[in-house]
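Notes follow once the structure below has been shown.
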Amino acid sequence: MANRSRNIPIKHIIGFVTSVVLTFVAAWTALRSNLPVMWVIISILVLAVIQAAIQLFLFMHLTERGAGNTPWNMMFHGAVLAAIIVAGSLFTMSFGFM
Amino acid sequence: MGLDEFFVTGEPLIYAGMVAIVLVSGAIIFLLTYFKKWKWLWREWLTSVDHKKIGIMYILSALAMLFRAGTDALMMRTQLAFPDMNFLDAQHYNEIFTTHGTIMIFFMAMPFLIGLMNIVVPLQIGARDFAFPYVNALSFWSFFFGAMLFNVSFVIGGSPDAGWTSYTPLAGAAMSPGPGQNFYLLGLQLSGIGTLATGINLMVTILKMRAPGMTLFKMPIFTWSTLITSFIITFAFPILTVALALMTVDRIFGSQFFTLTGEGLPMMWANLFWMWGHPEVYIVILPAFGIFSEVIATFAKKRLFGYNVMVWSLILIAGLSFLVWVHHFFTMGAGAFVNSVFSVSTMAIAVPTGVKIFNWLATLYKSKIKTTTAMMWALAFIPSFTIGGITGVMLGMAAADYQFHNSYFLIAHFHYVLVAGTVFGCFAGLVYWYPKMFGHTLNERIGKWSFWLFVIGFHVCFLPQYFLGLDGMPRRVFHVVPEWFNLNVISTIGAFGMGLGFAVFVYNIYYSYRHSEREKTGDPWDARTLEWATTTPVPEYNFAVIPHVKSHDAYWDMKQKGETIYDESKLEPIHMPNSTGRPFIMMAILAFTGFALVFEWIWLAVAGLIGALVIMGIRSFDYDEGYHISVEDIKRTERSARGQSHELR
């Protein structure tokens with residue numbers, strides 16, 4: 001801790017700015033772009049994947065050594081949970097109309 | 001907006017509440033000024049990052065919230081005691097059952113347990129603080145200000161009145177205009193930040209900061225339950241955060257996620273709410289299971305029976321808790337197949353829970369039970385909780401649930417699990433760890449009085465409610481008919497018994513502070529786990545020398561071999577974090593932001609958000625390295641703490 005470098009964390013700044021920009025692009029696509037609904041959905045999904053990649057590689061220590069399997073472990077559980085939320089919601093909320 | 005719209009008017013009980021608030025706040029300000037304690041309050045408490053002090057603040061706040069929501073409960077029971085009572089009107093009754101439920105879950109049960117985790121977990125694993133002490137302070141203040149934001153609603157703006165589940169479309173802007181529901185959304189959102197941060201914080205603390213030698217399967221069971229709970233928090237709370245945010249956007253900015261118009265899906269709220277809500281009930285019960293396991297093992301003087309199975313059943317319960325949420329709304333009509341799937345998964349949870357019940361019984365079997373107050377809470381828990389569990393299985397059968405749904409049978413069921421599980425657990429934990437926190441035990445005689453009053457009151461209050469439900473009394477009605485009179489009046493008597501039990505409990509805190517013998521050994525119960533190896537009061541650094549753990553029940557084995565954790569030759573300077581006022585200030589600003597959003601004063605809210613961002617920016621450039629405690633200081637502290645109790649070894 002004592003010899004923390006005070007260099008400008010260029011990687012983090014790039015990541016931060018990119019993620020903010022991506023967020024604004026996604027909001028603009030949904031609110032103002034006049035694209036067909038399907039294209040809006042596809043483009044915000046693509047933006048979301050890029051966003052997630054930026055978070056994982058620039059901020060979430062995925063590239064760091066020494067963390068072992070922990071990040072992958074948490075990502076696995078997160079993915080399972082996301083699957084439960086999406087599939088479970090479709091399953092229960094479709095009321096037999098699917 | 002006139003002042004008469006800002007303040008709640010026309011209700012004598014609420015005027016009385018306002019007077020009480022003014023008097024109590026005035027008294028506190030006067031006392032702090034008179035005894036010149038402002039500086040002490042700021043330096044020792046409000047800016048502290050010490051997990052023990054934060055834990056105590058959590059528990060004090062939770063007790064205050066228990067009082068507030070308990071008063072709500074007594075007012076409800078008074079209204080329901082006799083047919084056609086006019087103690088509360090319909091609107092006031094709606095507000096009170098909403099705040100009762102919300103406060104009990106979010107601002108009583110969770111902070112009480114998190115408070116105990118705060119104090120106990122670092123001590124149990126031989127750590128000097130949380131992994132992120134600064135974040136821990138941030139968590140506490142986010143909970144505290146969230147709770148205050150929610151609580152102020154009953155005098156300013158009006159309380160939410162759509163139930164603690166806040167179902168749309170009723171809770172939407174069209175059917176509940178005004179600030180009430182916004183208080184619910186923003187109060188919970190603010191405190192949710194803290195809960196999520198605590199979940200991550202505890203997870204990292206337990207995974208990374210255990211004493212050398214303490215493998216995962218040598219951890220005390222309370223630490224295990226905390227770890228599992230942290231996982232549930234981290235995975236479940238984002239769902240609530242998103243759902244709350246969507247409804248906030250719906251109400252304040254006019255989107256249509258949960259509305260009846262514009263292709264909104266009102267039942268999606270119920271779906272998301274219970275996706276979080278079911279794991280939430282395990283967030284408040286698993287730590288209680290952990291507490292009971294510790295208490296039972298200590299006072300049965302045995303190693304916990306089936307420790308490994310206990311851990312695995314915790315993990316299994318946690319996993320299953322994400323797969324059962326639909327049983328809260330079987331009657332939505334998702335169809336027979338959907339309901340059957342969730343009916344089966346619900347009943348599967350009874351298996352690991354049953355395993356735990358039998359393990360506790362097996363721990364007690366042929367043991368020499370010491371019936372201290374803490375142990376009595378634990379012993380009362382087992383049969384009471386089992387009744388709640390069995391009726392839970394009844395509710396879990398989808399076909400039968402169409403009869404039980406939203407009746408008093410349900411009310412009785414979840415009070416049997418939440419009071420007999422969580423509240424008994426909180427009391428057991430507080431009594432058990434009280435000497436570690438405050439340096440004296442609670443008086444046993446008065447403690448048993450409060451125990452018997454509360455437990456008997458509890459059964460008298462809630463057992464009749466099962467039968468009221470079978471007699472067809474629905475929840476959330478404010479007038480009872482004569483057919484339900486007998487059981488209701490019994491239930492109300494029981495509720496006041498519980499109130500009396502709580503009053504005696506609080507009196508016991510005062511009485512013991514004045515009269516209890518000061519505790520000097522650090523281990524008044526002859527207990528088994530590492531937290532009891534520290535001296536009382538626990539020094540700010542917890543462990544002068546980090547202990548080496550060789551077995552489960554580490555301290556018990558040390559005592560058998562006549563070892564202590566202290567070795568003067570191994571002392572090194574200890575690195576500690578500095579106190580900081582920023583978490584307090586940041587969360588105060590965010591509470592102000594939330595308050596502005598409640599009244600939809602957008603520009604004021606934007607100003608508040610900018611203020612919070614500025615504080616976060618300042619934090620980003622914070623090069624505070626903490627400080628070191630010198631070996632000399634440690635020696636002095638340890639000698640004075642240990643010199644009185646037993647000679648240095």
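Glycine too: its Cβ is placed from the backbone N, Cα and C atoms.
Residues annotated as domain 'Cytochrome oxidase subunit I profile' in TrEMBL: B:36-550. As annotated by TrEMBL, transmembrane segment applies to B:12-35, B:56-76, B:96-121, B:183-209, B:221-247, B:281-300, B:307-330, B:374-398, B:410-434, B:446-467, B:487-510, B:585-618 (among others).
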Long-range neighbours of the transmembrane segment (B:281-300), counting only residues six or more past its ends (CB under 8 A): 105, 109-110, 113, 116-117, 220-226, 228-229, 232-233, 236, 310, 314, 317-318, 321, 356, 360, 363-364, 367-372, 374-375, 377-378, 381-382, 414, 417-418, 421-422, 424-426, 428-429, 432, 525-529, 553
Intrachain neighbours beyond the transmembrane segment (B:446-467), with Cβ under 8 angstroms and 6 or more residues off its ends: 77, 373, 376-377, 380, 384, 391, 408-409, 411-413, 415-416, 419-420, 424, 427, 431, 487-488, 490-502, 504-505, 507-508, 511-512
Stretch of maximal Cβ-Cβ contact with the transmembrane segment (B:374-398) [cut-off: under 8 Å; candidates B:12-35, B:56-76, B:183-209, B:221-247, B:307-330]: B:307-330
Best-contacting stretch, by C-beta pairs under 8 Å, relative to the transmembrane segment (B:307-330) and drawn from B:12-35, B:56-76, B:96-121, B:221-247, B:410-434: B:221-247
When counting Cβ pairs under 8 Å to the transmembrane segment (B:56-76), the leader among B:12-35, B:183-209, B:487-510: B:487-510
Tertiary contacts of the transmembrane segment (B:12-35), as residues 6+ beyond its ends and Cβ separation under 8 Å: 41, 75, 88, 92, 154-155
Local confidence of the domain 'Cytochrome oxidase subunit I profile' (B:36-550) - pLDDT mean: 94
Cβ contacts under 8 Å made by the transmembrane segment (B:410-434) with residues that lie 6+ beyond its boundaries: 59, 62, 104, 109, 112-113, 116, 119-120, 281, 284-285, 287-289, 291-292, 294-295, 298, 372-375, 377-378, 380-381, 384-385, 387-389, 391-392, 394-395, 404, 440-442, 447, 451, 454-455, 458, 461-463, 465-466, 468-469, 475, 505, 512, 525, 531
